[in-house]
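Student: Could you have a look at this structure, given as structure tokens, before my questions?
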Amino acid sequence: MKNNIINTQQSFVTMPNVIVPDIEKEIRRMENGACSSFSEDDDSASTSEESENENPHARGSFSYKSLRKGGPSQREQYLPGAIALFNVNNSSNKDQEPEEKKKKKKEKKSKSDDKNENKNDPEKKKKKKDKEKKKKEEKSKDKKEEEKKEVVVIDPSGNTYYNWLFCITLPVMYNWTMVIARACFDELQSDYLEYWLILDYVSDIVYLIDMFVRTRTGYLEQGLLVKEELKLINKYKSNLQFKLDVLSLIPTDLLYFKLGWNYPEIRLNRLLRFSRMFEFFQRTETRTNYPNIFRISNLVMYIVIIIHWNACVFYSISKAIGFGNDTWVYPDINDPEFGRLARKYVYSLYWSTLTLTTIGETPPPVRDSEYVFVVVDFLIGVLIFATIVGNIGSMISNMNAARAEFQARIDAIKQYMHFRNVSKDMEKRVIKWFDYLWTNKKTVDEKEVLKYLPDKLRAEIAINVHLDTLKKVRIFADCEAGLLVELVLKLQPQVYSPGDYICKKGDIGREMYIIKEGKLAVVADDGVTQFVVLSDGSYFGEISILNIKGSKAGNRRTANIKSIGYSDLFCLSKDDLMEALTEYPDAKTMLEEKGKQILMKDGLLDLNIANAGSDPKDLEEKVTRMEGSVDLLQTRFARILAEYESMQQKLKQRLTKVEKFLKPLIDTEFSSIEGPGAESGPIDST
């Protein structure tokens, strides 16, 4: 069979009939997935092909070899040329089959082999089970990983969440006010039934959407916003609010079909979403710029809701007792004056307001049930309104606290000026300055307000407020960002009134100034003649705080600067600048170079002194500082040495006292020990 290979190198050859011995066995082998006898030795086939290619006389070797073996036996049959194609190109029969059939055959083989092995080896069964378990565990892990997929999450501190809280608060407020009113006033329910049903089911839809929003609302875990869907859902389910939300959406409206449409009280479970309303109020209080006004309006709303509920209960009790049966209940509704829906509600609201505010002036109760209701109303009114009025009082006092504190400062300064006999003109200037601060809301101490913030946030606020202003200064234009941040934190706001001098010619320059708001004038010595007017963003005094060597002006001011009106300035002191520059030596040299260039342009720099190196005055100052520090260290050392000697003397005195006290006791103890030993005499060791 190894030589039964068709030569396909000649294209003109027609398909021959190939004699295959025992074809039934070959077909069975093919069905079982075994190698066909047509391709038992591919290597030999390929070699025979190569030999045929090399020697054309070998083309007839196939027929010759087959005849030499004696020709076909009785079981050999002829196959047509179509089946002979089955082994063309010297490849195995399996390679010509589709890949799906190969996979099926391999699976059948593996299953049959596994069955045979499992029957023989029980250990292999266990191994197989373990493999299956591992596969299941891996699948479960994959499922869990799929479940941990991140979803779109609403940030609870963002605007989207706040806007949704506003949306969910509207149906909650609707249910809290209208459900009880519709349950007590029958005309209100029956006359506008269609509108109420629309509003009811719209609010229910909003409630359902709110439950979905809760499953997409992130929360912080280790400072990071959780975005995994499964965690968000589990967090919501483990919360008490989930149970209340489910209870609030129980379809109690189905009872309408049994009881009728005049029983809206079956929707009282919708009131359980009150937490969303309170959350909205809380977030609004933190977001608004007028928190005290919002708190007062919020308390007024609570008062109105309580009075509204009490009015509805009063009307329902009157309906149960009978309208007009006595003087306490609501009058007879058959009277046209009291039969209108508006009059019913307004009368009940009036009665509720008088009762809960403990004003009285209402008809006295007649029946026992009426007495009980009035007593309960009085107790509720006393408790609730006492707390509400107390809160309103504290809010109003907090609103006036800043004004009271500011007024206390003014009163103290007035007393001081009166005690020191300050002139009336100066007193008026001081009072006007305080009035300017109060009217323009500049009484806030920035350091006091920002001291509770962390350093990073404080720096960011200072950068947002002052950095652009500081960059306008020429010498700070190209400085490092870190140095600018340090300087921004050291800027001090100052307010000057009209006619105040910021600096005068000849003054020692210890600060530089940046104009935030207002106008300053460079004036002559007479204080009237104006040379230049400085406006917002201008600055001056930057050279004096650098203490540049060779400056002809020295460290003194060269002009008179006066405030024309009220002016807001930022001040940077020399000490603060030098403290910041200790960490930035390169920036210090750069600033000095810029200052020298500015002085050279103005002709105020002595180049000989500037290029002379270190100033001897600076060296003398350093030497004097070193001497002072050495003297200080010597005095401290002498003080410590004196303290050590005094402590040593005190310790010696205490030791002598202890010796004097313990000496007689030790002598008596030794005498008592030696006494019996002396009487008994020496002991014979033998």
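Using N, Cα and C of the backbone, Cβ positions are placed for all residues, glycine too.
Found this in Swiss-Prot, in case it helps:
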{"type": "REGION", "residues": "31-75", "note": "region 'Disordered'"}
{"type": "REGION", "residues": "87-149", "note": "region 'Disordered'"}
{"type": "COMPBIAS", "residues": "110-124", "note": "compositional bias 'Basic and acidic residues'"}
{"type": "COMPBIAS", "residues": "135-149", "note": "compositional bias 'Basic and acidic residues'"}
{"type": "TOPO_DOM", "residues": "188-197", "note": "topological domain 'Extracellular'"}
{"type": "TOPO_DOM", "residues": "263-267", "note": "topological domain 'Extracellular'"}
{"type": "REGION", "residues": "291-399", "note": "region 'Ion conduction pathway'"}
{"type": "TOPO_DOM", "residues": "318-340", "note": "topological domain 'Extracellular'"}
{"type": "REGION", "residues": "358-361", "note": "region 'Selectivity filter'"}
{"type": "SITE", "residues": "F385", "note": "site 'Central gate'"}
{"type": "SITE", "residues": "V389", "note": "site 'Central gate'"}
{"type": "REGION", "residues": "401-477", "note": "region 'C-linker'"}
{"type": "REGION", "residues": "481-601", "note": "region 'Cyclic nucleotide-binding domain'"}
Student: Taking a Cβ cut-off under 8 Å, which residues six or more beyond the ends of the topological domain 'Extracellular' (263-267) line up next to it in the same chain?
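Tutor: Distant Cβ neighbours of the topological domain 'Extracellular' (263-267) are 175, 179-180, 182-183, 189, 196, 200, 252-253, 255-256.
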Student: Six or more residues out from either end of the topological domain 'Extracellular' (188-197), which same-chain residues have a Cβ under 8 Å from its Cβ atoms?
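Tutor: Distal contacts: 178, 181-182, 261-262, 264, 341.
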Student: State which of the following recorded sites has the fewest other Cβ atoms within 10 Å around its Cβ: F385, V389.
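Tutor: Ranked by other Cβ atoms within 10 Å, the recorded sites F385, V389 bottom out at V389.
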Student: Considering every residue in the region 'Ion conduction pathway' (291-399), what is the mean pLDDT value?
Tutor: 88
Student: For V389 (site 'Central gate'), which of the three DSSP-derived states applies: helix, strand, or coil?
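Tutor: V389 (site 'Central gate') sits in a helix per DSSP.
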Student: I'd like the per-state residue tally for the region 'Selectivity filter' (358-361) from DSSP, helix first, then strand, then coil.
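Tutor: DSSP composition of the region 'Selectivity filter' (358-361): 0 helix, 0 strand, 4 coil.
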